[in-house]
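Asks: Quick one: the structure is below, questions incoming.
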Amino acid sequence: MESLATRAVPSQARKRKFHEASPAKPTRVPIDPKRRKRQDAREISAQTAESAFRDGQFDPVSFVNSREYEIRSLLRSMNSSKNAQRKRAFQSLPRELRRRTAAHNPSRAPKRVRETARKELTEDNTTVRKKRRDYCPSARRLNANQLRILSLRNNNSMIPKAVPGSRQTATRGLGRTRSYIGSKSSRYRKRQRHKTWLPTHIWCAKRARMVLKWGFSLVETPNLKCYRPTYRAATRDACIAIDTSYYATILLVGRERDLKKSLAKFLPPLDLAVVGRSVVSGESVRSTWMYEEGEWPDKPLAPIQIFWCPINSVDEMKEQGLRNVVLRVHPASWDDAWKVAAASAAASACVCKNLRFEVGSIELIGPRTADILRALLNPNLDLDGILVDGVKHNSARDPRLSSFHLRTTIPYPPSQENTTNQAESLFSANCRTASVKAQVSQKTLNSRISKSVSGEAAKSAAAARIPFVLMREILGVLGTQSSSGRPHSEIPLSHRWSILLPWKWVRPFWLVLMRMPGVRLGGLKELEQLTLESGVGYFPTDFPSTSAGRAEALERTQAQLNQLERRSTMKTKPSSKKSESTTLSKGGYPWGEVLDAGRHFTCEEPGFWQLTPDSVRLFWKSPRSMLPTSISSGIFTAHIRLYGRGNIDSNAFVYTFSGEAARLVPRVLLQHARDGNPIDNVLETLDGENGQLNGIGHNSAPAYSLAGFVIRGNFGFRQARPVAIAALAWARTHESEPSVHQEDCFGGWCILQNTGSGIRRLAQWNAV
C-alpha cells in the first residue's frame, strides 16, 4: 500500500507558495479593491431571449424565468451599488471626533449623527448593552479604615468615646461615606506622589499619551496620527497649542544696579539682558544661556528666558527703587539653575523668589495665533504692534464669558490698556491671589448666565481680572537660535507666542482655547518635530554635553539597550533590514574616539564641554590666537541636510572632509548638475578624483575624520529631504575646513553613515 508521504500530488492540486505568472495567460495589473467593488456593484447580469424562441415556437415559461432573473439581478445591483461606498455614521466624522465605542454605542457619537448611528445598529440587529454591575457601588467606596472600624463595631471598648463639642459628635452613619471629597486640593494627591500634574492634565490624559519627564506628567503626543497635520498646522492655516507650565519661573527683586550685578555672574559677558536698553526697559525678552557662576564659557547649565518688568509709576516699588527680573528655565536644569540664581542674588543684595507653581504658561505656534489670541484674551488687543522678542503686560476677564453664544450677548468692553498699571500685576502675590479668589466654577457661571436677561448677572461674574504676560518669539527652544541669528529653514518665525498666566487660570483658558476652530493639541514630540524642521536645537536632547543632556542621553541609551536585549531574547525575531547595532554604549556617545583616540571619556567625568549657540557665533569669527585653550574639547550642535536619497537614523556617524577634499565638493556637485547625473554618485566621483578617499570606518583615511554623531533625524517637509540634528566636535570642524564657511553661518560638508550600514551619503551641516 502506497503511503501518504510518498504519494505523488497532481500538478493541478499543488499549491504555489508565491503567485507565479502563468506562461499561458498574460499578467495583468491588479485592480484597486475599491474600484473592483464599484465595478461589481454596477454590473447587471442579463439573459438572451433565444431560449424562449426554439423551433419557431414561443416558450412563455422560459421567457418569464429569464425576465425574472434580470429583475432580480437589477434589484441586487441597485442594492449593492447603493451600499458599495457607504460609510457608517462614525466613519463619516473627522478623525478628531471618532471614538472606538461609537461603532457599537450611539451615545458616544455626536448628536448630529446619533440618530443615524442608532438606525444603523437597528438594521444590523446590534444590541447595545449597558455595563452591568454585580456589586453595590457604596461598598467599593469604603476604604480600609472604615472597614476596620466596621469589623470592630461590636467591640465597644476599642472605639474611643466621643468628646462633647468635638467634630466626632456629628450624627453620621458608621457605614456611610461622604458623597463629596473634603478637600479639592487633596483629591488626586495620591496619584501625584512621584510626579506633578499640570493644570490641563485631566483634559489631556483622555486625548494624548502621557509620559513622566522631569518630575511632571507631560503630553508626549496626541492619540491621533498627527505628524503631517502638525507641520501643516504650524506653517499654513492653523495653530498648535502646548501646555508649557512645566517651565520653572524665578523672580529676582532688587535695585536695578544690584540686579545687573547679579545677572552678570551667570550670564555671558556684556549680554543684552544686562546692557540692552530695550530689555532693561521691559520692552523685549532675551533668550540666552545660563552658566555656573564665573565659569563662562566652559560650564553652561541651560537656556533661559529673561525679561525685565517695566517700571510702575504707581506701585510702591517705584518709591523704593526696586525692579523685577523674571527668569524662565527648563525643569531638567531646575536644581542647578535655582542654586546659581539664589547664590548670585544673595551676594548682590537681591531677593530670589520661586514661582514654580504660581505661574503657568501656554505656547501657541502657527500663522493663526494672533487671531486666536484676540478671540481668547481681548478682541480689541493690539498684537500687530508687538515686534519679535517683544513683551506685553495686560489683564483679561474670564475667557468662559466670551465663548460661543456669549460673544454676541455680552460685548467686550473697549480696550483700556494701561501697561504701566498692569506691569507688576502677574508677579505680585496679592494680584494673583485676588484673581484666583474671584474665580467661580463653571456651574456657578452657567447659573448666573442662565438667570441673566441682558447680561447683567454675567457682567458681575466677570469682575475677576486675570493678569497675563504675552511674548512673541522666534520658533525654537529658549535661547537656541542659529549662529547667524536666525534658523536655517523657511518656516515663518513670527508665529510663536507664549502667554504667562496664574497657575489656577491656565485650565479655564485652555478649555476655551481648545474649543476654537483651527487649534490642535501638541506635545513633546510635536515640539521636537518643529525644532527639527526649523533647524534649531531642542533642550536637553540636542545638547548632550550639559548635565541635563548627559542624563537624557543615558536614559535614551538605556531604553535602546533594553530594546535590543528584548529582541535578542525573542524566539521569533521581527524581520527588519536594519542591523540591530547602536552607536551608544552604557556610558553614552564614544567621544573618546573623536577628541582623543587613546582615551575614553565617561559621563561621570566628561572630558568635553558644550559650546552654546552664542559661543559658536562668537568664536568662529574670532582669530585662533584669541580662542580659549579648552575649545579643542568643545562640542556644538549642528543642523544637517541630506543630499540625494536615503534616510538619517539616530546615532549615525558624521565624518567631515579635510581641507583639500572639501574644496572638491562644490565643483563636483556643479558638474553633476550640468551632466544630469544623480547626486548619489558624488562620493564615487570624489573617490575617483582623490586617491585618498578610500573606504570609511573608525580607522578612516586622512581625507575623512570622525567629527560627531547624529542625535535625531527625520524627513523634513519644508526642505523635502531628510534632516537631522547632530553633535560635532569643534576640533574636527573648525580646524579641518577653514575655507568652506559661509559669511553669515558656520557650516561645511560631511558624510553620513548609519550604524550597521556601509552606505555613505553626502550632507551639509550648519551650526545652530
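Note that Cβ sites are derived from N, Cα and C of the backbone, with glycine treated the same way.
Note that TrEMBL annotation is computational and uncurated.
In case it helps, TrEMBL gives these features for our protein:
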| type | residues | note |
| --- | --- | --- |
| REGION | 1-52 | region 'Disordered' |
| DOMAIN | 63-254 | domain 'Pop1 N-terminal' |
| REGION | 80-130 | region 'Disordered' |
| COMPBIAS | 112-122 | compositional bias 'Basic and acidic residues' |
| DOMAIN | 496-576 | domain 'POPLD' |
| REGION | 562-585 | region 'Disordered' |
Asks: Under DSSP, the compositional bias 'Basic and acidic residues' (112-122) has how many residues in helix, strand and coil?
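Replies: Each residue of the compositional bias 'Basic and acidic residues' (112-122) counted once, the result is 11 helix, 0 strand, 0 coil.
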Asks: Pop the mean pLDDT for the domain 'POPLD' (496-576) in here, whole number is fine.
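Replies: Here the predicted model's pLDDT, averaged over the domain 'POPLD' (496-576), is 87.
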Asks: Going by DSSP, how much of the region 'Disordered' (80-130) is helix, how much is strand and how much is coil, in residues?
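Replies: Counting residues per DSSP class in the region 'Disordered' (80-130), I get 31 helix, 0 strand, 20 coil.
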Asks: With DSSP as the yardstick, break the domain 'POPLD' (496-576) down into helix, strand and coil residue counts.
Replies: 46 helix, 10 strand, 25 coil
